[in-house]
Amino acid sequence: MAFTNYSTLNRAQLTFDYLHTNSTTHAFLFGALAELIDNARDADATRIDIYAEKREDLQGGFMLCFLDNGVGMDPNDVINVIQFGKSAKRTPESTQIGRYGNGLKSGSMRIGKDFILFTKKENTMSCLFLSRTFHEEEGIDEVIVPLPTWNSQTREPVTDNMEKFAIETELIYKYSPFHTEEEVMTQFTKISGTSGTLVVIFNLKLTDNGEPELDVTSNPKDIRMAEISQEGVKPERHSFCAYAAVLYIDPRMRIFIHGHKVQTKKLCCCLYKPRKYTFTSHRFKTRAEQEVKKADQVAQLAEEKAREAESKARTLEIHMGGDITRDSRVMLRQVQNTAITLRREADVKKRIRDAKQQALKEPKELTFVFGVNIEHRDHDGMFIYNCSRLIKMYEKVGPQLEKGMVCGGVVGVIDVPYLVLEPTHNKQDFADAKEYRHLLRAMGEHLAQYWKDIEIAQHGIIKFWDEFGYLSANWNRPPSDELHFKRKRAMQVPTTIQCDLCLKWRTLPFQLSAVEEGYPINWVCSMNPDPEQDQCEAFELKQKIPLGILKKAPKTQEERQKQLTEKIQQEQRKLKALKKIKPIHSQSDLKKLPLEVTSRPFSKYPAHIFQGPQSSFHVVKTNARRRPQSRHAPFRQLQRSSIICTNPKPPFLVDKTEAVLLQPPETPQKSVSLLVKTIPQPPPLVQSLSPSVVPKSNNPWKVETPQIMNTPVAEMPYVPVNPSLVICDHKRSPEVSDEIEDEDRRKRMCKRGRFTVKKEKIQASELSDSSGEENPVDLKTAQKDKGLYVEVRMMGECYKGHVTAVEVGDNVVWWKVKFEDMPKDSTPRDCWVEKGSENVWLVKPSPEYQSTDEQQEDRKGEEDTVVQQALALQQTSTSECFCTEPDTTASTANHKTIDLLVQILWNCLHYFMPLSFPISKKELGAMNSEELLSLPLKECFKQYEVGLQNLCRSYQRCADSQAKVSEESLRISQKKLQETEEKLQKLRTNIQTLLQMAQQGINIRADDELDAYIEDLVSSDD
């Protein structure tokens, strides 16, 4: 049937409303802006400028412009732009980001109602105008796109229909911000080179309060999201500058916002202790199956065309018969050549299909890169790229889902090829959710392995972050800006910066001056202190990342036996269900069934499934009793002897324990420092909770607490405790009733940090005999200790805090110290300590802790406070902890300390003094403390750093020369080895020939057989 006959058939049309519908795919506004940057990157642009031009007459008050220096578009390319869904980039081997032929339209229409595009390529200048305002005012339902073209040299129209050209330019002058031909040509002149593209978006979308969605005024170097609070939001969510910095995994294009360069990042080069892992899987088949299906359709179509051409050639050859005229031979040869060409194409398509089918069976290989973000530890999670373009960011996987400190601060980076996972149209997610979840699961497993490999938890997580300046317990607080912390962070992660000319990435050696001053924005290779990388012609060195291996824990014999038993039981249940099924072979068998079976409606679940046993949570919660408050002396004496309450007892054992504690001791306690003899108790039998109360966690990374079993509890060995501490806090109980009871409390505590500590406060009245037994004068004097800033040694570590309560006993004063910055669940928030013991000492008071009233009272009784602190310092002078601070009132000790520090400083400078420093070591030894303070240490450090770098370079050159010598020696050895092997092989061949000449019946095929035969022959002669 001729194609002209199809003109009478109905056609699908694209309505004007689709422009708005298509734009709603971008829920994330920065994703729409990124679509326009993607187009510039796919056009091989090396620079893109994003800027705003004020136009008060337009909706939003400004126009948003995107100008790049890419290859541009000719008129035919521009025509393809207005065809929704058509893209020349859609090839399996393509590394370009564009796939769907929809990004320019959907992205620009999400930002504003109208856009106009100016592009240059070769000798043509084309303009494309897509306007919803034009369609609304003209009442047009179809999508009409003016598309005029000019000659770039003469600026004359390039068209065969001047009437059409006039209508197109008239619409542009009427509905665009450029109302004359001169203004339109001015936009073309902004494209400075011979090629490039300028996209201008106007009539911007507004928020509910009438302001534009994009804020271009608050920060002249950035484009921000309006009406989004920056507190608690990642910077990439509200700052387009931050989002553009990590938009590509390997940036090769300079991005400017309002004329200011964006400092793009290679995430893999910004991490501490990076490590990569290789992951292979057969699960990623969706994209490969789609490609195989397409290749099969193409191969079948090509095969049909080839068969049809071959059949046509045979028919023509038979029809011609004996006709051997020249025209007949030419016609036959043309048909045969066409058939041969189509057959070759069909064979190529078939081979491509077979190759893709074979690739479908092969596993897909991905590379995960993990590292610690020591600059911003709260910016952690997985950054998932597709064809080098960011799709998902800050995805929490594996242990990070627990919201603890485990794997906190770790960033993962992966670039997923298009053939493994396909992104959605808005490039903010992946199309196949099932395979994406499988990817996240795999990344979680490798993340847990990485956390084990870097051994941060083994050396202490808090200690690790303290070393880099994270001194606050609040996880979201930034690190300290003190110089030594900044230097340490800079030393651990080498600086990787991009050249502004060649766009190559260079890793710089550590420079002390760069920590304070930073690097220039327009950095070039000639500024590199490394002489081997100080030219743009030098090759870009790849980052060397150590390779890690996922070590899966082998299953134990019990786990394998349990899994096998469950599988056998499952198969037995299936077999029983199959035996109960009666096959129906005829209509008579169906009539034999009971009426209720044939007429009963289908129910997916039996009724008994919805009738589970009643939860026993209410019973457990009701029976759980708290420890009553007691003021008896024996209990107070026991607490003085440091009975550490870290193991909470079951509810029904509380009364029994209290009865034992409240009994009078057999012998009175003579000294507080003596340890109390533990009262032996028989191991009780604890009834396990019902399954409805105790939840089962399937999380493989969560450390499961031991469940309360129906077996006797093993008696714990006796551990000596510190006699001067009485810890009031308890470790969080694993019982479900306590967890549910304190759910609201945990939610409130989560705001203070990453961890919460459940408190069970013991009132201060438990630590006193009675109110009548205390001396009022002593109590009044002791109450002045409140607010003192002290330090307590507990469980082998020192913690600082304030005295919040004071109790007076028999010649003993007890302080209740509330600690600060205690992030761990296993550590108490406060404790009672004995004043004057060796485990507590005074430190400098903190003015921030005292209230206004307390500060006024302190000023009134300043002399009494000084006397008390002096007495307390005398009592704590025998402390063995290294944290004890000296008495600041002793001038002699101060002079000795200063002299000692000056001597230490002199020794350090004398040892590290550079040879080229203007001050000699002899002059340095004659300096006093004031002269040492005025010494130019920064210049000294800089010269020392230069000398150290020269020394390292000399070592590097020596090592390189030795490596070259070793490589040359290895090459010579390999050459000799090859020559020896060739001689040996030639000798074997000659021996085999000689043996065959001597013995004609011999048949030796392999070299091993020849060696064995010769060995037997020699041994037999002997």
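Cβ atoms are placed via backbone N, Cα and C, with glycine included.
Note that this is a predicted model, so its numbers are computed, not measured.
Annotation comment: Swiss-Prot describes Asn39, Ser87, Ala88, Lys89, Arg99, Tyr100, Gly101, Asn102, Gly103, Leu104, Lys105, Lys427 as ATP binding site, evidence class similarity to another entry. Among the features that Swiss-Prot reports, Mg(2+) binding site is placed at Asn39, with the record citing similarity to another entry. Residues or ranges marked as Zn(2+) binding site by Swiss-Prot on the basis of sequence analysis: Cys499, Cys502, Cys525, Cys536. Per Swiss-Prot, coiled coil is recorded for 285-362, 555-583, 962-1001. Taken from Swiss-Prot, the feature SUMO2 cross-link applies to Lys649, Lys758, Lys922, supported by similarity to another entry. The feature N-acetylalanine is assigned by Swiss-Prot to Ala2. Annotation comment: Swiss-Prot describes Ser615, Ser690, Ser724, Ser733, Ser737, Ser768, Ser770, Ser846, Ser851 as phosphoserine. Annotation source Swiss-Prot lists phosphothreonine at Thr827.
Sequence features annotated in Swiss-Prot and their locations in the structure.
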residue	record	contacts (Cβ under 8 Å, 6+ apart)
Asn39	ATP binding site	Asp68, Gly98, Gly103, Leu104, Thr197
Cys499	Zn(2+) binding site	Trp505, Arg506, Trp523, Val524, Cys525, Cys536
Cys502	Zn(2+) binding site	Cys525, Cys536
Lys922	SUMO2 cross-link	none
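Within its own chain, the coiled coil (962-1001) is flanked in space by residues 1007, 1010, 1013-1014, which lie at least six positions past its ends and keep a Cβ under 8 Å from the stretch. Lys105 (ATP binding site) has a Cβ environment of 21 other Cβ atoms inside 10 Å. In the three-state DSSP classification, Gly103 (ATP binding site) falls within a helix.
By the criterion of other Cβ atoms within 10 Å of the residue's own Cβ, the least surrounded of the binding-site residues Gly103, Cys525, Cys536 is Cys536. Listed in chain order, the residues near the Zn(2+) site other than Cys499, Cys502, Cys525, Cys536 are Asp500, Leu501, Leu503, Lys504, Arg506, Val524, Ser526, Gln535, Ala538, each with its Cβ within 8 Å of the site Cβ centroid. In this structure, Cys536 (Zn(2+) binding site) belongs to neither helix nor strand by DSSP; it is coil. Summarised as a single figure, the pLDDT of the coiled coil (962-1001) averages 86.
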